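Enquirer: Checked Swiss-Prot, it gives:
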BINDING   H33, E81, H90, C93, C96, E101  Zn(2+) binding site
BINDING   H87, D89, E108, H125  Fe cation binding site
REGION    1-84  region 'DNA-binding'
REGION    85-142  region 'Dimerization'
Amino acid sequence: MTDNNKALKNAGLKVTLPRLKILEVLQNPACHHVSAEDLYKILIDIGEEIGLATVYRVLNQFDDAGIVTRHNFEGGKSVFELTQQHHHDHLICLDCGKVIEFSNESIESLQREIAKQHGIKLTNHSLYLYGHCETGNCREDESAHSKR
């Protein structure tokens with residue numbers, strides 16, 4: 001049994017071809033933060049005939065099962081990434097949609113300190129920082145970031 005088959009079974013999901021193919025694409029580093037529409041286009045490009053409705057349904061199932069994490073970045077478009085064991089935060093370009101993951105212990109420590117000052121014990125958090133690429137011409141290069 002492959003690792004992907006085990007992952008699906010451990011999540012309580014039946015092993016189906018669409019689920020396996022979508023999981024394979026999500027494991028590609030170039031598809032780290034991907035929308036349902038972009039995932040659908042990638043599947044078409046590699047010759048997989050999986051409908052857009054199926055892609056949405058599988059991503060929702062994966063989200064419910066904890067296999068993927070859904071992010072609703074500025075602009076209203078959901079993007080998905082495989083759920084990771086390590087915590088990280090995100091920088092997002094408002095022009096091209098580029099997503100950069102980062103970890104910074106100073107930020108994490110400050111968040112815990114602020115929560116403690118207010119009598120809150122943190123269990124989870126999300127930090128999204130929005131801005132614009134310094135190059136200034138990233139809109140022209142939008143396709144380079146659409147599959148991240």
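Just so you know, glycine gets a Cβ as well, placed from its N, Cα and C.
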Enquirer: Nearest by CA distance to H125 (Fe cation binding site): which of the binding-site residues is it, out of H33, H90, E101?
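Expert: If we rank H33, H90, E101 by Cα distance to H125 (Fe cation binding site), first place goes to H90.
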Enquirer: Cα of D89 (Fe cation binding site) to Cα of H33 (Zn(2+) binding site): how many Å, rounded?
Expert: 13
Enquirer: What does DSSP say about H90 (Zn(2+) binding site): helix, strand or coil?
Expert: strand
Enquirer: Please list, for the region 'Dimerization' (85-142), how many residues fall into helix, strand and coil according to DSSP.
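Expert: Within the region 'Dimerization' (85-142) the tally stands at 18 helix, 13 strand, 27 coil.
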Enquirer: Restricting to the region 'Dimerization' (85-142), what is the model's mean pLDDT?
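Expert: Within the region 'Dimerization' (85-142), the model's average pLDDT equals 86.
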Enquirer: Taking the centroid of the Cβ atoms of H87, D89, E108, H125 as the Fe cation site, which other residues of that chain lie with their Cβ within 8 Å of it, listed in sequence order?
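Expert: Going along the sequence, the neighbours come out as H88, S103, I107, Q111, S126, L127.
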Enquirer: How do the residues of the region 'DNA-binding' (1-84) split into helix, strand and coil according to DSSP?
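Expert: Split into helix, strand and coil, the region 'DNA-binding' (1-84) gives 45 helix, 11 strand, 28 coil.
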